[in-house]
Structures are given as C-alpha cells and as structure tokens.
Amino acid sequence: MGNHLSVNKLKRKKKKKSFLNIYGKNTNENTSKQSNDYKYDINTSCISREGTTTLERKNLILCHSGKLEDKYIIDEKLGQGTYGCVYKGIDKVTNQLYAIKEEKKDRLKNINRFFQEIEIMKKLDHPNIVKLYETYENDNYIYLIMELCSGRELFDSIIENGSFTEKNAATIMKQIFSAIFYLHSLNIVHRDLKPENFLFQSENKDSLLKIIDFGLSKNLGTGEFTTTKAGTPYYVAPQVLDGKYDKKCDIWSSGVIMYTLLCGYPPFYGDTDNEVLKKVKKGEFCFYENDWGSISSDAKNLITKLLTYNPNERCTIEEALNHPWITQMTKSHEHVELSSTLLKNLKNFKKENELKKIALTIIAKHLCDVEINNLRNIFIALDVDNSGTLSSQEILDGLKKIGYQKIPPDIHQVLRDIDSNASGQIHYTDFLAATIDKQTYLKKEVCLIPFKFFDIDGNGKISVEELKRIFGRDDIENPLIDKAIDSLLQEVDLNGDGEIDFHEFMLMMSKKK
C-alpha cells in the first residue's frame, strides 16, 4: 500500500478542518436535550493547609456571566465545530491573544456533559495540554477562553509530510505519552486521541504539541470500566466497540497515531466507517515491506506492544515512555542548562504573600511560549519519569547536577510551599510561577493580567469582597480567610482605603523579600 494512496484516503476522511472537534460526531452516546436554564456554578472554596490559605488550581478559572465583548475583541474565525465556532480573541486591556470557543446551548445534545468537559479541563496543567483560562455564560451561549495555538493540526502535518522520520515521530510520541500518563494519573481517560485533536503551539519546528479537545473525556479510576461506545473509527480500541473498556483504550489510540506517523496511513483502513470498524474489531494489522522496510525493529516492537489486542497484555503508558525507541530517539532533547538562579527563585517564592503567589501563578499560565521557553525546557528535563509533574527528588537531583552539593536544610519545606494543592507533586504552572525571573513578569502589561483577574467588577481596585471570592467564598464566613485578607491589606493597601489599586499592586509585585 503506497503512501500517496493512503494519504488520499486520509484526506477524504477529513470532513472539516477545525480548531476544536466538538464531542459527539462519531459516538453512539445516549443523549437527551437539556433545558436552557442550566446555570454553571463555580466552586471557589479554598483549602486550608498548615494554617495557610491556598487555592485549588481549578479556582484560578472563573466563570463570568457578563458580556464577553466587554473584555475581548472577537477577531477572525479559526474553526467550525459541530455545535459552535472558535474565534481568535484579543484582550482589550492587555492585548493578549486567545482562542475563544463558542458553544450554542440549544445545539448541545448534552449540556451537562459539556460542563463535565469544563470541569476536567480546569484540573489540567501540563506542557502538552491546552490551557483553559476562564469561561463566560449567558442565556444562549457558553464561551471557553483558551490558549491560542498558532501551529497546525498534527493531522495536517501528516497530510503534508506523508510520514515522519523516526526521530521526529519519537519526539511527538513522547509528548503524547507524557500527556496520557498525566491524564491517567488524574484518573481521566481521554477516549478520542487522534491527530485532529492535537495542535502545535506555534509554527516553530521545535514547537510543543498540545491536546486541544476533551469532549469525550471522563473520570475513570484504576480498575474501573466504562461502557459507552465513543471515539473515532480509525483510532478507537476494539474493547470500546465491545462495550467494556478501561483507560488502556488511550494506549491503543496512541499506537494508531504512532503507526500513522511513521508510514502516512493508519493500520486499520477502509472506504467506509463500517469497513474500518470491522478491521479494528479484528485488531489485525501489517507492516508492509514497501513502507516499513527501513523502519527500525524497535519502532515496530513498540507499535506492536501498543496495539496488543488484549488490554491486559497491552503495554502500560510507563512502559511506552521507557521503551528503548523513545529513550534512544529523544536522548538529544534532554540536555538542558539549568540556571544557577533556580534555587534562589524557589526560595524567594516561599516568602511571598498569598496574593503575589497567585498573581505569579496567573502570569505563568498566561505567558507565551517564547517568554517561558527556557523554564519549560528545564521542567521537561527535570521530569525524569515523564509524569508531567515534579517530585521533590527530581528537583533535588536536578540541583545537584548543576553543582549544588550543599542543599539548604529547608529545601523540602520550600518545595512543599510550591505545591499549591498539597498533591505531593509540583505541577507545571506552579514550577513556572516559582522560578520566573522578575525581569519577565515586572511589566505593566504583564501585571495587568492578574490584576484584572482579581478586579472582578472592573472598577480598577481589588476589594475585600473580591479577595474573599478569590480566597474562598464571599457568602460564607471563614475566620482564617478573613485574617489572611486583613494581613494582606496591612501589607499592600498603602493608603488605607480598604482596597488595592494598580499602583499598590505593582509595588507589591516589585517588592523584594
């Protein structure tokens, strides 16, 4: 089977180019129409840990009921999905660019599932997963404000290239495996991994790959099974078609993607969806000599392990990440120079007040790829187990590599303080927030991003009520939160008016501990 013929088959299967493929296109889900009066309620409760107030990551993503147009300029359309469109959005104050996903409520088959997608996205923080920043909702529409990826779909790269070199394919697959590892560690199964659901962050040749759609994702614990037939014919696992499967369906899908990257066509193909599904159900595939003769035995071995029919015998995601093909082919990408200021920034972060820590976290989440490129590479290099999070030991080992033989005795407390949700692991954005240099964040246009987040009513000042909403809930009394806010105002509210204006906010951000 030749590449040119196979690529043409893929082209015919590509129905529409869209930035986000909305769930429901290829599923047999039992759905029902929901009423339009469902209102999404964000839970902004805080966590108390060791006498401090900390925020769950999902609480940095607020749901607004105001007019989207008051904050964003709606620019060009980026794509069309089944139930809505995706536009480029421009923040009127900061000029930051975003992708705005618009969903019309009366066209959603199951609005509760859509809110489940939002809840899942709010938990996620990984270099290879698109970021969700905030949501808007009115009577007719729901809007997701997301990270803008200016690169192309992985699908389009396959169409253009026909196939990838093993080195390039391994670089892509390592990112996909890492994202799957992270999702599964959170007990989330994706269920629709396919090249159309991956975007390159930019047009740069070394750009990160991002999963951009979570419409079919669901929470699924270890040892649990689900029965809904969901996915896309080429990439769906046989067990999904049988109606009983677990998280290993994602590993099968990754095997289909890897096969396609290396030869330009999927292992199970046909002129109709039914033909494809029949072949998937059998699970039999071949490495055709014309296309696979020059491909290494290691690559074919990994594909065979990923596409093992019996899920109990299929390789785990950890085994995929540690497979010789991945470790050998991506070795050159792992040498990153660690800055000697890394430990200094980590220690300084511990001393900051809670408002500044949250502000730095918001900044870290919003900064573009160019601004965090070095820190991102450091994070990936330190993440030895490719889990998408950092353990204390991984950071300590990294510090020793750059010559820190005498690690400060309080280092474990420093690292615990960075762990914003007490998970025992340091997440991507937490690491960026704790290590970002002042010269990067101490700019008016950058500091406006967190200030506007705190200034919910947009009057140019951060009030006590707004701080309560950020740190906890403004409708529930909490002495711990009240005490934290009083202490914060004493430090930051220099003119004593009970509010924090932007000048006071900038002074707080520039203050050296």
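Including glycine, each Cβ sits where the backbone N, Cα and C put it.
Of all ranges given (237-272, 345-380, 417-452), Swiss-Prot attaches the label region 'J domain' to 345-380. Least crowded of the binding-site residues (Asp385, Asp455, Glu466), judged by neighbouring Cβ atoms within 10 Å of its own Cβ: Asp385.
Remote same-chain partners of the region 'J domain' (345-380), defined as residues 6 or more beyond its termini with a Cβ less than 8 Å from a stretch Cβ, comprise 52-55, 60, 96, 127, 131, 133, 201-202, 207-208, 336, 338-339, 390, 398, 408, 413-415, 417-418, 420, 428-437, 440-441, 446-447, 449-451, 453-454, 467, 470-471, 484, 487-488, 491-492, 505, 508-509, 513. Ranking the binding-site residues Asp383, Asp385, Ser387, Thr389, Glu394 by Cα distance from Lys461 (Ca(2+) 2 binding site) puts Thr389 first.
Looking only at Cα atoms, Asn459 (Ca(2+) 2 binding site) sits nearest to Thr389 among the binding-site residues Asp385, Ser387, Thr389, Glu394. For the binding-site residues Asp455, Asp457, Glu466, a Cα to Cα distance of within 10 angstroms from Thr389 (Ca(2+) 1 binding site) holds for none. By a simple count of nearby Cβ atoms, those within 10 Å, the most crowded of the binding-site residues Asp383, Asp457 is Asp383.
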